[in-house]
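Feature annotation from TrEMBL assigns active site, proton donor/acceptor to Asp151. TrEMBL lists Asn10, Glu387 with the feature Mg(2+) binding site. The ATP binding site annotation in TrEMBL covers Lys17, His211, Leu212, Gly213, Asn214, Gly215, Asp285, Met286, Arg287, Gly333, Val334, Gly335, Glu336, Asn337. Annotation comment: TrEMBL describes Arg94 as substrate binding site. Residues annotated as region 'Disordered' in TrEMBL: 42-61. What TrEMBL lists as site 'Transition state stabilizer' is His183, Arg244.
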Amino acid sequence: MAATRVLVLNSGSSSLKYQLIDMESGDRLAAGLVERIGEETSRLKHTPLTGGGEARDTEGPIADHSTALKAVAAELSRDGLGLDSPELAAIGHRVVHGGKHFTQPTVIDDAVLKEVERLIPVAPLHNPANLIGIRTATALRPDLPQVAVFDTAFHTTMPESASRYAIDVKTADEHRIRRYGFHGTSHAYVSRRTAELLGKEPEEVNVIVLHLGNGASASAVRGGVCVDTSMGLTPLEGLVMGTRSGDVDPAVIFHLMRVGNMSADEIDVLLNKKSGLVGLCGENDMREIRRRIDEGDEEARLAFDIYVHRLKKYIGAYYAVLGRVDALAFTAGVGENAAPVREAAVAGLEELGLAVDAELNSVRSDEPRIISPEYARVAVAVVPTDEELEIARQTYALVHDSADRND
Ligand code: AMP
């Protein structure tokens with residue numbers, strides 16, 4: 001029996017998302033999510049996507065990621081899709097921080113685990129959860145290739161002029177301080193799909209990608225290669241996000257320490273958890289913000305305006321970085337669904353060849369689509385992201401190609 005399936009695991013700080021995909025047929029066989037790991041009210045939602053099985057939703061304490069993955073394996077087994085299946089070719093793990101070292105998806109061995117562990121200080125929430133996911137999956141199927149697909153990998157092509165902060169070189173290098181960028185799997189997938197939508201090869205087009213979810217980042221992609229991105233050493237830099245501030249004057253931090261008597265940890269929580277849209281208007285869901293704006297809420301209006309102003313600054317900056325732009329692509333929860341954000345971000349940029357057609361912009365669809373009018377020089381696109389499929393694709397390409405070479 002041919003091994004054509006990939007299980008994708010995305011271990012967050014308190015969650016575990018998974019999908020089982022057949023790479024030859026393109027079918028998604030199962031998907032699910034374990035939420036609130038480590039709490040009393042953990043929840044496992046499992047959905048078989050072929051074979052007509054019922055979706056199952058179980059609540060009850062799940063102590064850690066290792067228990068969560070074992071529960072997921074049991075659910076998959078109930079649908080005849082267990083981890084012991086000979087059709088499983090590999091397990092692909094999303095790993096948030098791969099540092100400078102990992103530029104490609106990588107088959108995991110002890111040296112890779114050590115390096116991911118070494119990067120914990122720059123990704124304290126994510127890399128430990130990713131490591132537990134990898135170790136548990138390896139214990140369950142030690143014979144199977146486990147592949148790490150790094151969120152940072154797509155951005156490792158950034159030139160030094162974009163990736164280096166203008167701080168003392170020795171200090172920066174000693175502490176590995178540089179701009180790494182995140183959401184790389186999404187930026188890679190969306191920039192490639194945008195080229196396809198234009199009927200071009202990725203090498204032929206320059207794209208600005210706006211990944212606007214609860215976390216948000218922009219990237220400038222020249223000919224399929226990332227040349228700049230808005231997140232930095234950590235996912236805090238750049239755009240205004242659901243709960244993160246994005247760019248601030250770094251002096252805000254020592255001002256708060258000296259004048260506000262706040263500790264480094266308190267400021268960390270302030271900027272990562274209590275800022276962005278939540279900090280500005282108490283709400284991080286763009287739907288709710290739009291509803292409040294419609295009711296005349298000034299606080300929500302200002303939060304929206306600050307969010308859009310930052311977006312515009314990055315569009316302008318990346319336009320200048322790229323010199324020529326063929327497409328601007330919106331993706332993730334806000335980018336795919338919030339037509340008012342797309343409209344406002346592009347408003348007034350006609351001189352740059354950017355415009356949105358109101359009617360096309362208002363269409364709701366899961367398909368990639370162009371929303372700019374025909375006359376516009378730059379295509380504005382909505383391209384739903386699919387990080388799981390991209391992780392599966394990269395994982396399968398790696399194990400499949402090496403299997404071919406060994407034949
Ligand atoms: P993500 O992190 O990609 O799952 O995006 C989550 C965010 O997308 C939510 O916090 C909302 O702000 C936003 N979102 C999701 N659906 C909609 C919608 N229909 N309209 C506006 N914003 C939405």
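Using N, Cα and C of the backbone, Cβ positions are placed for all residues, glycine too.
Note that the coordinates shown come from a computational prediction; the quantities given were computed from them, not determined experimentally.
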Count, for each of the binding-site residues Asn10, Asn214, the other C-beta atoms lying within 10 angstroms of its own C-beta, and report the residue with the smallest count. Asn214
Integer Cα-Cα distance in angstrom, Val334 (ATP binding site) to Asn10 (Mg(2+) binding site): 21
Please go through the recorded positions Lys17, His183, Leu212, Val334, Glu336, Glu387 one by one and keep those whose C-beta falls under 6 A from any atom of ligand 1; give the result in sequence order. Val334
Quick one: which of these recorded positions, Asn10, His183, Arg244, have their CA within 10 A of Asn214 (ATP binding site)? Arg244
These are the recorded positions: Asp151, Glu336, Glu387. Which one scores highest on other Cβ atoms within 10 Å? Asp151
Between Arg287 (ATP binding site) and Arg244 (site 'Transition state stabilizer'), the C-alpha gap once rounded to whole angstrom: 18
Across all protein chains in the structure, which of the recorded positions Lys17, Arg244 has the highest Cβ count within 10 Å? Arg244
Nearest by CA distance to Glu387 (Mg(2+) binding site): which of the recorded positions is it, out of Lys17, His183, Arg244, Glu336? His183
Among Arg94, His183, Arg287, the most crowded of the recorded positions [Cβ within 10 Å]: His183
If one looks at the chain holding Leu212 (ATP binding site), which residues at least 6 apart in sequence have a CB under 8 angstroms from its CB? Leu239, Leu311, Phe330, Thr331, Ala332, Gly333, Val334, Gly335, Ala338, Val341
With DSSP as the yardstick, break the region 'Disordered' (42-61) down into helix, strand and coil residue counts. 0 helix, 10 strand, 10 coil
Look up Asp285 (ATP binding site) in the DSSP assignment and report helix, strand or coil. coil
To the nearest whole angstrom, what is the C-alpha distance linking Arg244 (site 'Transition state stabilizer') and Asp285 (ATP binding site)? 13
